[in-house]
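**Q** Structure provided below as structure tokens; questions to follow.
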């Protein structure tokens, strides 16, 4: 008797192969690379980590599986590829940065539950007016200015509910995906741009200050104000350029947000004066904000964030049922996986190998053209910052860049600034991860807007390096 597969089963299998063709291609290429010989200049674990990184990037770009599933795969392959033991991998999945994302999203649920997002959105609208272009510019500039002093993570966690409130109050007679992306990206990218403005804007800045002091022969020291003088022109051009480019990429479906403003006015009027619960919610958030600013080094951003979430739950301002329902746990898992991969790239020497390999390829050009080290610095730092965290990128590349040639002050500042150019993916920065958690922007949206803003940022940084920094150095005693 001849065995024959049912036609429906064959059709289903062929359909699945068609739908998951990219997954099958990625698996095949990953398996092929795994069994190929690797260069002597990279370790066994480093080569396996490189393969894992390429697999992860491919899965994220093609979106062939849900992104939280990619985070699960990272953990599995880190152990299966013998990159790190299971216990070590588990530790990298839960750290202070993950606590920060988790606590921030949980606190955002409490703020939205109490209706403060509506009041804040209405307050910003009163400053900017009802035109979309002014609102986008307002969100970008406010996010940039705040993140210079309190960090991009904090600003995005604080402003996401405000942006979502504004979007929800727009007319729903037709879809508004472009306007939604415009508002959310103005918050995320504005915060990222502003985070380079002062030493307190991010861990990357503090790391570079320490490298200058300990690695350079002259022991360069830069004061808080001197950093601002060097970096803030980049922030000003960046936030204006970002607001302009975002509106070119995501052309809004409406030019004025009259409907949203009317609805916000009605909602705020119905709410009346601030209630006791709303006032308590504000007080708790201000306390958390002050702790983030002044107690960060002692307790860490993450512990403070989950402490704030606990207080909101303990005081009854939000119930656990609401927190568990409205917190995007998949994004937290994805961020954990991204952090873990970044840690392994650093520990196994993969990131260092990538840096040294590129340096070797361009060594002749570096010796001949003074601008080449800075271009290569920006390119490599931008590349790695889209794979691992900005602070991890500076930690790995900082020593390489400071010893590559060129003026150490300029090279270090270039590295610190370009590590903020993580515009290309949802996992590039916590700011991107937080707005992705809303479910209202797609992975492809990051690339669509990101490459334009990155090019603008790179050109601006090179101009500032070539003309502005030498000018201010000649009139000051920075060195």
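Each residue, glycine too, has its Cβ placed from N, Cα and C.
Values in this document were obtained by computation on a predicted structure and should not be read as measured data.
The transmembrane segment annotation in TrEMBL covers 21-38, 50-77, 98-116, 136-167, 179-198, 224-246, 279-295, 301-320, 332-354, 374-397, 409-437, 449-469.
Could you place the listed features in the three-dimensional structure?
**A** With a cut-off of 8 Å between Cβ atoms, the residues of this chain six or more beyond the transmembrane segment (21-38) that come close are 44, 47-48, 51, 54-55, 58-59, 62, 64-65, 81.
For the transmembrane segment (50-77), the residues of the chain that approach it from at least six positions outside its boundaries are 20, 22-23, 26, 30, 33-34, 42, 83, 89-90, 93, 329-331, 333-338, 340-341, 344-345, 350, 353-354, 387, 425-427, 443-444, 447, judged by C-beta separation under 8 angstroms.
Long-range contacts of the transmembrane segment (98-116) within the same chain, counting only residues at least 6 positions beyond its ends with a Cβ under 8 Å from a Cβ of the stretch, are 153-154, 156-157, 160-161, 164-165, 267, 271, 277-278, 281-282, 285, 288, 300-309, 312-313, 317-318, 322-323, 326-328, 331-332, 335-336, 339, 430, 433-434, 437.
Long-range contacts of the transmembrane segment (136-167) within the same chain: residues 100-101, 104-105, 107-108, 111-112, 116-118, 120-121, 124-125, 127-128, 176, 179-180, 182-184, 186-198, 200-202, 232, 235, 238-240, 242-243, 246-247, 257, 260, 264, 285, 289, 292-293, 301, 305, 429-431, 434-435, 438, 440, each at least 6 residues beyond the stretch ends and with a Cβ under 8 Å from a Cβ of the stretch.
When Cβ-Cβ distances below 8 Å are used as the criterion, the transmembrane segment (179-198) is approached by residues 132, 135-137, 139-149, 151-152, 155-156, 159-160, 163-164, 166-167, 170, 205, 224, 227-228, 231-232, 234-235, 238-239, 242-243, 246-247, 250, 252-254, 416-417, 420, 422-423, 429, 431-432, 434-435, 438, 440-441, 445, 449, 453, 457 of the same chain, each at least six residues removed from its ends.
With a threshold of 8 Å between CB atoms, the same-chain residues lying at least 6 positions outside the transmembrane segment (224-246) that come near it are 133, 136-137, 140-141, 144, 148, 182, 185-186, 189-190, 193-194, 196-200, 205, 209, 413, 417, 449, 452-453, 456-457, 460-461, 464, 468-469, 472, 476, 478.
If one looks beyond the transmembrane segment (279-295) by at least 6 residues along the same chain, the residues whose Cβ comes under 8 Å of a Cβ in the stretch are 107, 110-111, 114, 116, 149-151, 154, 158, 200, 301, 304-305, 307-308, 311-312, 315, 317.
Same-chain residues lying 6+ beyond the ends of the transmembrane segment (449-469) with a Cβ under 8 Å from its Cβ atoms: 181, 185, 189, 193, 230, 233-234, 237-238, 241-242, 245-246, 248-250, 371, 374-375, 378-379, 382, 410, 413-414, 417-418, 421, 423-425.
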